[in-house]
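Quick look at what TrEMBL lists:
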- 13-33: transmembrane segment (TRANSMEM)
- 99-118: transmembrane segment (TRANSMEM)
- 138-165: transmembrane segment (TRANSMEM)
- 186-213: transmembrane segment (TRANSMEM)
- 328-349: transmembrane segment (TRANSMEM)
- 369-387: transmembrane segment (TRANSMEM)
- 407-430: transmembrane segment (TRANSMEM)
- 451-476: transmembrane segment (TRANSMEM)
- 482-503: transmembrane segment (TRANSMEM)
- 547-569: transmembrane segment (TRANSMEM)
- 575-593: transmembrane segment (TRANSMEM)
Amino acid sequence: MGSSILPDLGAEILIPVCAVIGIVFSLVQWLLVSKVKLSPGQDSGSPGNNGAGGKNGYSDYLIEEEEGLNDHNVVIKCAEIQTAISEGATSFLFTEYQYVGIFMVAFAILIFLFLGSVEGFSTKSQPCTYDKSKMCKPALATAIFSTVSFLLGAVTSVVSGFLGMKIATYANARTTLEARKGVGKAFITAFRSGAVMGFLLAANGLLVLYIAINLFKLYYGDDWGGLFEAITGYGLGGSSMALFGRVGGGIYTKAADVGADLVGKVERNIPEDDPRNPAVIADNVGDNVGDIAGMGSDLFGSYAESSCAALVVASISSFGINHELTPMLYPLIISSVGIIVCLITTLFATDFFEIKAVKEIEPSLKRQLIISTVLMTIGIGIVSWVALPSSFTIFNFGDQKAVKNWQLFLCVAVGLWAGLIIGFVTEYYTSNAYSPVQDVADSCRTGAATNVIFGLALGYKSCIIPIFAIAISIFVSFSFAAMYGIAVAALGMLSTIATGLAIDAYGPISDNAGGIAEMAGMSHRIRERTDALDAAGNTTAAIGKGFAIGSAALVSLALFGAFVSRAAISTVDVLTPKVFIGLLVGAMLPYWFSAMTMKSVGSAALKMVEEVRRQFNTIPGLMEGTAKPDYATCVKISTDASIKEMIPPGALVMLTPLIVGIFFGVETLSGVLAGSLVSGVQIAISASNTGGAWDNAKKYIEAGASEHARTLGPKGSEPHKAAVIGDTIGDPLKDTSGPSLNILIKLMAVESLVFAPFFATHGGLLFKIF
């Protein structure tokens, strides 16, 4: 078998050091962003400050003209708008967290009661689950420690989302002000802010998990199976908070967005983010609570779960049985190296290459993905060589499968590259530089109906290659290293999470920057620059969602494998009626969930449209710009709707595994998990890509960059109105239902795994009665 090259002490130092480096790097980026001042006076420096003029391809006199005229007013106005957005986002998140906090405590009690009751709350040692000849810690310990790790995961997830939102609202106005000096400066500010969030989240997630493992080890000692079973609560906590963050934030942002677009653009013919539009502040707040806070929690959840799934399987493989610490921590070492790789990658965007023109933005972001993937492949190779023995055995449904270290390297690499492929396919289908979106834009000539038909077809078609990529990575990784292979493939996809999040958070920050430029009455030229940043951000957001969905599929399959092993199911036979009914019901759940979230956005948007219309009709001088709209009412409508409406979909996801497990047993539950995974992935990919394509088709027409686009435009033309309607339909698809579905898939799997001991002992009541 042999042992690993890296000593245990090396692994124990490497992981926290990399995490701390990530946190320090994010603070450095934050300091660099904070150098852009939001108070007038210091900011209106000479035209040639830092030579910014010549560097960014804009001659000096342009800057003089833009910066000199109404500088003080613009800066003050930007600061005011930023404060309004920040306050709105903070107050919403605090309200949301109060409700979520109650749920968190209630669910923690539930975990304790269910898992404690497995052995009747006995404090005696019990035979180990996988090796009856040895004695392990009592079920009561698993109950207590699972509850603690659940709360840890939940708090880390909430903090990740909240910090992300704070950073984004801090950076949005600064990006707007930098846009006066050229597109390159604005890009660097937005990207750095995204990096702050990416590195903080990746490093925090890793550090908290590592500390939790070490603290739990003080009690568990040599019982690694029990230790890592208790750690799975960390993933459950992370994802359950992410679900409420994604659904609540998604309903908030889209209710405001749909209301603002339908009345403002279509009925009143005023531009996007016009300060006369009453829903405009709510719309910009929504970008931060949905796309930033929700997405941060979501990716943190994926990361926590894939780590937990890998650790659970490893603890019952030769690593755990022989107590080899370094190979046991292999999943965490991959994430640690990922932080260092992403750090180097980020410097390529901010320091090594400078962006001089609008057309360089998107290639620069794509370069980030490629560089991080290539460097990470080398990193994984080194880690697999030093942290793993040359051969070892992996638990495979009751047997031990012999695996070589190069096979595990291939598992991780396959996941990593599948992520890149999914990212690029998503980009092809959602960026307006390619024919699919241009065809959708072209279909707007004949009205909204053809636009909707083309958009839906595009979404369905965009599932093909990602599904093959996921399928191939599952086949390869399972063939090499069973369920552990799939878990590390998911980790491979998420190993560059810091870069992925930086690119992802960049989108909403640029979107906000454009809104602030419009509301502060900045020149048309600045709005064009922020629009260019935003269009690139839209595509990268779609790429981020592709990553999240792909990794969710792999994570949930790995968790499913761990659940099947833990619940002692030898085979999941589709032909038995117990399993088949589970499959059918599981496949239906994503539709039920999507129906709930879509309807919630629809009913909230309805109230918003009525309120915006009411203000335009009753406030004299609003259209002329002499009176101010009542922004607060619109913010309140969004807040109330999202808090009220996030409960039912959340309850559906959280209660399904419990009800199925208790009443129908583990076989039916395994069917439900498989069904929801298979149908959820397809709906999530098609919903996200359809929405992204409609959004960029609208932007394609608005930008009028090509001859073809100019024949469809300008803003306000019939094709443009049809495109706005398509974009509005796509909003809840791409920002509420689509991204929340990947949490549904993972959350049900991780919840089933945490409750598996209870279901295996006391589940299936109905079948026991009959």
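Indices start at 1 and increase along the chain as displayed.
Backbone N, Cα and C atoms are what each Cβ position is placed from, and that goes for glycine too.
Within the same chain, residues 129, 229, 232, 235, 295, 298-299, 302, 305-306, 308-310, 312-313, 316, 395, 397-398, 415, 418-419, 422-423, 466, 469-470, 473-474, 482-484, 486-487, 489-490, 493-494, 500, 666-667, 669-670, 673-674, 677, 681, 684-685, 688, 738-739, 741-743, 745-746, 748-750, 752-753, 756-757, 759-760 sit at least 6 positions outside the transmembrane segment (547-569) and bring their C-beta atoms closer than 8 Å to a C-beta of that stretch.
The transmembrane segment (369-387) makes no contact with the transmembrane segment (138-165): fewer than 3 of their CB pairs lie within 8 A, with pairs spaced 6 or more apart in sequence. Distant neighbours of the transmembrane segment (138-165): 89-90, 93, 97, 100, 104, 107-109, 111-116, 118-119, 121-126, 197, 200-201, 204-205, 208, 212, 216, 219-220, 226-227, 229-242, 245, 288-289, 292-297, 300-301, 304, 505, 754, 757; these residues of the same chain sit at least 6 beyond its ends, with a Cβ under 8 Å from one of its Cβ atoms. Through the fold, the transmembrane segment (13-33) approaches residues 6, 167, 170-171, 174, 189, 192-193, 195-200, 202-204, 206-207, 210, 329, 332-333, 336-337, 339-340, 343, 346, 350, 498 of its own chain, all at least 6 residues removed from its boundaries and within a Cβ separation under 8 Å. Long-range Cβ contacts of the transmembrane segment (482-503) within its own chain (Cβ-Cβ under 8 Å, at least 6 residues beyond either end) map to 22, 191, 194-195, 197-199, 201-203, 295-296, 299, 302-303, 306-307, 309-310, 313-314, 317, 330-331, 334-335, 337-339, 341-343, 345-346, 365, 368-369, 372-373, 376, 379-380, 394-397, 401, 403, 407-408, 411-416, 418-419, 473-474, 476, 540, 543-544, 547, 550-551, 554-555, 557-558, 561-562, 565. Through the fold, the transmembrane segment (328-349) approaches residues 6, 11, 14-15, 17-19, 21-22, 25, 29, 188, 191, 195, 198-199, 202-203, 205-206, 209-210, 224, 303, 306-307, 310-311, 314-315, 319-320, 364-365, 367-368, 371-372, 375-376, 379-380, 382-384, 387-388, 408, 412, 487-488, 491-492, 494-499, 502 of its own chain, all at least 6 residues removed from its boundaries and within a Cβ separation under 8 Å. Counting residues 6+ beyond its ends, the transmembrane segment (451-476) has Cβ neighbours under 8 Å at 410-411, 414-415, 418, 421-422, 425-426, 429-430, 436-437, 439-440, 443-444, 485-486, 489, 546, 549-550, 553-554, 557, 681-682, 685-691, 693-694, 697, 722-723, 725-726, 729-730, 733 in the same chain.
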